[in-house]
Each structure stands twice: as structure tokens, then as C-alpha cells.
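These notes are about the structure you will find just below.
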Amino acid sequence: MTEIHKLPIILLVCGTVFLGVLGGAMAIPVLPAIADTYGLLPSEASWMFIAVELFMVIGAVLYAKLANIFPIRNLFLFGMLCFGAGSIFAGLTSHYWLLVVARMLQGLGASAAPPLAMILVTRHFPEQDRGKIMALIGPVIGIASQLGPFVGGLIAQQFGWKTVFWITVLILLLTPLCIYLPKEQKQVKEPFDFRGASLFLAAIVTFILGVNLYIYLLAAALLLSALFWLHSRRCRTPFLQLELLANLRFLSLSLGGALTIFTLNATMLAAPLFLAKINHLDSGMIGLILLPGALLSLIGAAVVGKLTEKLGYYRIAIYATCLLMIGYSLLSTLLGTSPLAIALCLIVVYLGFTNAQGMFPNLIPRTVSAEQLNTGLGIYNLIFFFGATAGPTFMGSFLELETEVTWNVFNKTSPAVYSNSFVIMALMSCLILVLLWLQRQSEKTAEHPEHVT
């Protein structure tokens, strides 16, 4: 790839990821206004997020699988057009359930960028450039997710809640950059497993509906998953290569990435709540508390991207995860003190997340064969998005628990449940460290089997 094409491709990848994440994040503060506009029950209003989550999970695997059949350029353009069309539809519609359909289109479009970006970078960029590029995607996601609620609330307050959807139509301005994507050789038209894809999508849909609405659908999701597994065992070209889940090196890295986003998204639910309840801050001040960490994470990731060649992906991931553990431990301890102290703790968390998250995709190619890479990255994104969804779900349920027992003996000033929640986040960071250490030891053993006794 020539140097002249790298910049527009990086701009395309980062721009689409940024607007996709921003679109989802900006909808968070406008949910009460949407519920008031249409007179919605909470279970009905939740479909604003279920719609996006559903298609983000589906797209994570679907696009990676289709990248084995169709050129990345076509898939990238399709995703951008879907997202843009969904944004326009959301801005124009005056019916709530049509708005939900528009959000589904946004989810289908937004889910294209992460897996296709990973495949694009791995397939067409030299190894020495991959770390730098992937290190940019992490902070782009972090900044968009943190700026989104602040920007969305500010814009909605001034111009109305529909404006937040019109902002993301800007993604259509990036479509001309698709011409810079590499022209790929004609893909081998391998048979597409429509039956397996249908069973998989049905299992995902019923699982999400079971978690969010009707718990008895979890039994249907289990049955569909079993049918999908049986079908995949018999199919010559299955929709998912399930043997990857038996690859412990691949699975440990995927779980590490999922736990990282789990802890961050859980924190993003808890932080505004405790800043409002404990520190008595309004939405504008809460946005300002969240802002410095998001901005500084970009600077930190740019610096770390240059260090990957010297330190290696594992060291960066381990150091960044240590920052996560420290940040969550400090939050558990300092809750109830000044907002400035909380802002500093969140800076540590953001720096840890963006730099850790950027390393995991770069380590995945070391655990799978070249033929399995596209599907492997798709499964990685699938597990990642499950973690992203599970984090706030867990935190929301945990914060409803009534307890006066504080697990952190150094915190006596804040409600126990908030402090305890960040003890759990710190312990999860320790688990990520264990997974990284085991993965590194396994790789060393594979590289130097003569040292194994």
C-alpha cells in the first residue's frame, strides 16, 4: 500500500467508527425526551437501545463472514449507506416504532466498521503499521462514547432531540474516501451457509429479547443455539467455525477484550449516577467531569502507538490493564470526595481502556491460521459486543441492591453499593491480567517447546 493512500484510509476508518459510536452515545441523554414525546413505557423506550445492540452483535459476525466473499470496499460502502439512511429516517419519522426500525438500520451500518477495519488493517497494512493504526481506533471509540452523551444532551437542549440523528448523516460525506480502499482480487465464491446464519441470528434475537423483555425466550435461545451447533458440525462450510472456541489462546484474548469493554461500559452507567447522587452535579458538570479523560486518552494512545514496536503488544496490554485496575481501585476508594478527584480517577481508567483495547485485535492473528482470521476477528467482535452489552446490564442490576457493607475498608464516605461496584471492576481487571499472562506463557511455550519439561 502506498503512503499516499494510508491517510485517507485511516480517516475513513476512524471517521466511520467515530460517527457510528457517537450516534449510539448521543441517543442516551435524549431517551427521556423521546419517551415523553411518544408516551412510552420504560420497556418500550428500551427498544431504542435493543435495536442497535441486536444488529451490532449480528453484524459483528456477518460482515467478517461476508469479507471472505465480497470486497471490503463494497461492504464498507454498504455499511455507511445503511447508517446514513437510518440517520435520515430517524430524523424524519414521526412514529416511534419506525424510529426503532431506523435505529436497526443504524446498528446494521455501524456494525460494519469495527470488523472490516480489523480485516483491512491485517490484510493490507504491513505489520509495523498495524499497531499504530489499531491504537488509534481504541481512543476514537473511547472519545466518541464519552463525548456522545455530553454533545447529545447539549444539542438536544438547544435544537430538539431529533437533531442528534441528523448529526450522524455526516457519515455520507466520507463515502468518496472508499475509492482509496485497496482493490482486492476476486473473492472465491464459497457456499454461504444460509441455514446456519438463520439459526445463529434467531438465537441471538431470542437471547437479547429474553434478557431485555421475556425471560422465557432464553429457553428458545438455548434450543436454537443447540440446533445451530448441530448444524455447524455437519456443514462443510459453516457460518461460524466453532472450532475457534476450542482454541484457548484465541478464547482468552477474546474474553480479555470483552471484559475490558464490560468494565468501561459499566462505569459509564455508574459514573453519571454517582456524580449526580453523591456529588449533586447537574448534567453539564457531569459532562465536564467525563470530558478530560476522553481527550487525554487520545494523546496517550498516540504516544503508546509509537511504543508498540519497542515494547510489544503484550507489555502495552498488561501495563494498560494495570492502569484500569488502579483506576477502578481509586474510584472505589475516593467516591464521595471532590469531583476533581473523580475526574483524575476517570482519566486513569480512560487511558487504561483505550490502550488495552487497541492491543487485543493485534494479538488475535497470532492465535489463528490465515484462513480463520476473518471469522476469528468476527467472533472476537461478537464476544466484544456481548461484553459491551453485559456491562451496563450488570451494573444497573447491581446498583439496585441494598447493602450497607462496604468491601473497601478505605472508603467510609459513599454509599456502599457504588464503592463495591468498582471493587468488582478492579477484580475483573485482575482477571484480564491473568488471561494476558496465561496467553503470553502459552505463546512462549509454542515458540520454544524445547524449554518445556
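All residue numbers here begin at 1 and follow the chain in the order shown.
Every residue, even glycine, has its Cβ placed from backbone N, Cα and C.
The domain 'Major facilitator superfamily (MFS) profile' annotation in TrEMBL covers 9-444.
What TrEMBL records for 7-34 (among others) is transmembrane segment.
Summarising the annotation, TrEMBL assigns transmembrane segment to 46-64 (among others).
What TrEMBL lists as transmembrane segment is 76-98 (among others).
Remote same-chain residues near the transmembrane segment (133-157) are listed as 10, 13-14, 17-30, 33, 114, 117-118, 121, 125, 163-164, 167, 264, 268, 272, 283-284, 287-288, 290-291, 293-295, 297-298, 300-302, 304-305, 308, 350, 353-359, 361-362 (criterion: CB distance under 8 Å, separation of at least six residues from the stretch ends). Here TrEMBL flags 133-157 (among others) as transmembrane segment.
Feature annotation from TrEMBL assigns transmembrane segment to 163-180 (among others).
Positions annotated as transmembrane segment by TrEMBL: 192-208 (among others). Sequence-remote contacts of a segment are chain residues at least 6 beyond its ends whose Cβ falls under 8 Å from one of its Cβ atoms, and for the transmembrane segment (192-208) they are 50, 53-54, 57-58, 61-62, 65, 69, 217-218, 220-221, 224-225, 227-228, 231-232, 235, 237-240, 389.
Sequence annotations record features per position, and here TrEMBL assigns transmembrane segment to 250-274 (among others).
If you look up TrEMBL, you'll see 286-305 (among others) marked as transmembrane segment.
Look at TrEMBL and you will find 312-331 (among others) tagged as transmembrane segment.
The feature transmembrane segment is assigned by TrEMBL to 337-356 (among others).
Summarising the annotation, TrEMBL assigns transmembrane segment to 377-398 (among others). Listed as Cβ neighbours of the transmembrane segment (377-398) (distance under 8 Å, sequence separation of 6 or more from its ends, same chain) are residues 53, 56-57, 60-65, 111, 114-115, 118-119, 122, 208, 211, 240, 244-245, 250, 253-255, 257-270, 360-361, 364, 417, 420-421, 424.
The transmembrane segment annotation in TrEMBL covers 418-438 (among others). For the transmembrane segment (418-438), the residues of the chain that approach it from at least six positions outside its boundaries are 252-253, 255-256, 259-260, 262-263, 266-267, 270, 273-274, 278, 314, 317-318, 321-322, 324-325, 328-329, 331-333, 335, 352, 356, 395, 398-399, 403, 405-408, 411, judged by C-beta separation under 8 angstroms.
Of the two recorded stretches, the transmembrane segment (7-34) lies close to the transmembrane segment (76-98), with three or more CB pairs under 8 Å once pairs fewer than 6 apart in sequence are set aside.
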